[in-house]
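Feature annotation from Swiss-Prot assigns [2Fe-2S] cluster binding site to Cys3, Cys6, Cys18, Cys25; the stated evidence is sequence analysis. Residues annotated as hybrid [4Fe-2O-2S] cluster binding site in Swiss-Prot, with sequence analysis given as evidence: His249, Glu273, Cys317, Cys405, Cys433, Cys458, Glu492, Lys494. The cysteine persulfide annotation in Swiss-Prot covers Cys405 and is backed by sequence analysis.
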Amino acid sequence: MFCVQCEQTIRTPAGNGCSYAQGMCGKTAETSDLQDLLIAALQGLSAWAVKAREYGIINHDVDNFAPRAFFSTLTNVNFDSPRIVGYAREAIALREALKAQCLSVDANAHCDNPMADLQLVSDDLGDLQRQAAEFTPNKDKAAIGENILGLRLLCLYGLKGAAAYMEHAHVLGQYDNDIYAQYHKIMAWLGTWPADMNALLECAMEIGQMNFKVMSILDAGETTKYGHPTPTQVNVKATEGKCILISGHDLKDLYNLLEQTEGTGVNVYTHGEMLPAHGYPELRKFKHLVGNYGSGWQNQQVEFARFPGPIVMTSNCIIDPTVGSYDDRIWTRSIVGWPGVSHLEGDDFGPVIAQAQQMAGFPYSEIPHIITVGFGRQTLLGAADTLIDLVSREKLRHIFLVGGCDGARGERNYFTDFATSVPDDCLILTLACGKYRFNKLEFGDIEGLPRLVDAGQCNDAYSAIILAVTLAEKLGCGVNDLPLSLVLSWFEQKAIVILLTLLSLGVKNIVTGPTAPGFFTPDLLAILNEKFGLRSVTTVEEDMKQLLSA
């Protein structure tokens, strides 16, 4: 086992990465190794997808499957080894079908990619784990060095984050052939184990640019189906009655659950990254969507144990449900998996609803605590002139985007302290689950404009980017000249691709933490600092002083 893709990876003087019987996320060595094997199979599939496009062949089954299966290897998504192997078998079957399509056009069609003809050696998980050793990401580290390995992983993990957003967009009916062609090209190239530093740096920027397009179609999918988010008050306390909790990012799953629970007497609560759903008109119209429950994903083993109803996980992040003994009432959807946990194959939430009706639910309603979400793209753009006016009248000094992933490290208190230290004449824009570090605190307003503005999920970084570009255009300056600073927390691969997106768009002087990714070497950090001004957090006082004086 070797895995260094998330922020909580093991770090020692001898090197970084989880390499024992179990990773810090709870992933076993078996599952981790089989995920490496799956990635190799997916690289072979993408190699043939690239070849097929040369013949004018576009196989939508391949396009739909490939990012979804890659998403299953993202941190805290799928811990179920047999399902990972199932994805690998499906990848190979699709590859062979695509290969046959190519051969039907050109009898001499061939693919030089080293992953193009990969076959699984056995049905036995032990045999497959041994085969997976051929594809351990750091197997040639001694030959290529830490810097090349780090850049490879930056590209692989960044592309994995983009694949997750591609799957979210696909679920909402969005498709862009250019994006899929670019995805397959990059995935296939990574299967050649590239070792050219400049080419890898260029690839990282290409992934960032591609992901901007992915976030654009995801935004289109969400707003077309569910309307544009508008500021909405959300109760974060319990309401009397039977209940279901839904977590993750998949708004379609939430919509289906709300439709199927309507009139049943079962209330629905959002959790984690599902919180922004309350801002969408077509979702909040359901009166039994009563509120948001819990805090950051890392606290779920305590909070889920206390929730008196079933829980549905639609995407990341799931962690061991046996710790809180709620594994008999947690359900996984789509690419999510945990051994022994019930999995919903289709869109029928009937079994979950039946379980909710058999459980006690909340015995009484707590005193409400209201927070505001729903500052989506249209709302943000509608406030652009107000922001410019406040800046021109020196009522608004600076905007801080403080957001990103949450996690368990104590150092993440930095982001709470930073938010509460922001001066009263400054505004905080936030998104993703890092907001749970401070989103239930009171920040007041500036002439009626809330000082804390929740822009949505991690992918809603797209809205923040569009706002920044709009402000720059109206002020006749560049984005980097705005009174705007980005202070970002990271944990997993979606955050990595958001960072690559920002860098590829030329955004500079981003401050990130609580630690640097384990696959970033000192040399890579120096390169990113020199090219983009990217740096790690220090202390709240020093960072605040530097950002306000920039």
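Using the three backbone atoms N, Cα and C, a Cβ is placed for every residue, glycine included.
Given the structure is predicted, the values throughout are model-derived calculations rather than measurements.
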- Compared by Cα position, which of the binding-site residues Cys433, Cys458, Lys494 is the closest one to Cys18 ([2Fe-2S] cluster binding site)? Lys494
- Cα-Cα, Cys317 (hybrid [4Fe-2O-2S] cluster binding site) versus Cys25 ([2Fe-2S] cluster binding site), nearest Å, comes out at 10
- For Cys433 (hybrid [4Fe-2O-2S] cluster binding site), which of the binding-site residues Cys3, Cys6, Cys25 has the nearest Cα in space? Cys6
- Nearest of the binding-site residues (Cys3, Cys6, Cys25) to Cys458 (hybrid [4Fe-2O-2S] cluster binding site) - Cα to Cα: Cys6
- Task: List only the single closest residue to Lys494 (hybrid [4Fe-2O-2S] cluster binding site), chosen from the binding-site residues Cys3, Cys6, Cys25 by CA-CA distance.
- Result: Cys6
- Item | Neighbour-count leader, CB within 10 A, binding-site residues: Glu273, Glu492 | Glu273
- Task: Provide, as an integer number of angstrom, the distance between the C-alpha atoms of Cys6 ([2Fe-2S] cluster binding site) and His249 (hybrid [4Fe-2O-2S] cluster binding site).
- Result: 19
- Query: Expressed to the nearest Å, what is the distance separating Glu492 (hybrid [4Fe-2O-2S] cluster binding site) and Cys25 ([2Fe-2S] cluster binding site) at their Cα atoms?
  - Reply: 11
- Query: About how far apart, in whole Å, are the alpha carbons (Cα) of His249 (hybrid [4Fe-2O-2S] cluster binding site) and Cys3 ([2Fe-2S] cluster binding site)?
  - Reply: 24
- Query: According to DSSP, which of helix, strand or coil covers Lys494 (hybrid [4Fe-2O-2S] cluster binding site)?
  - Reply: helix
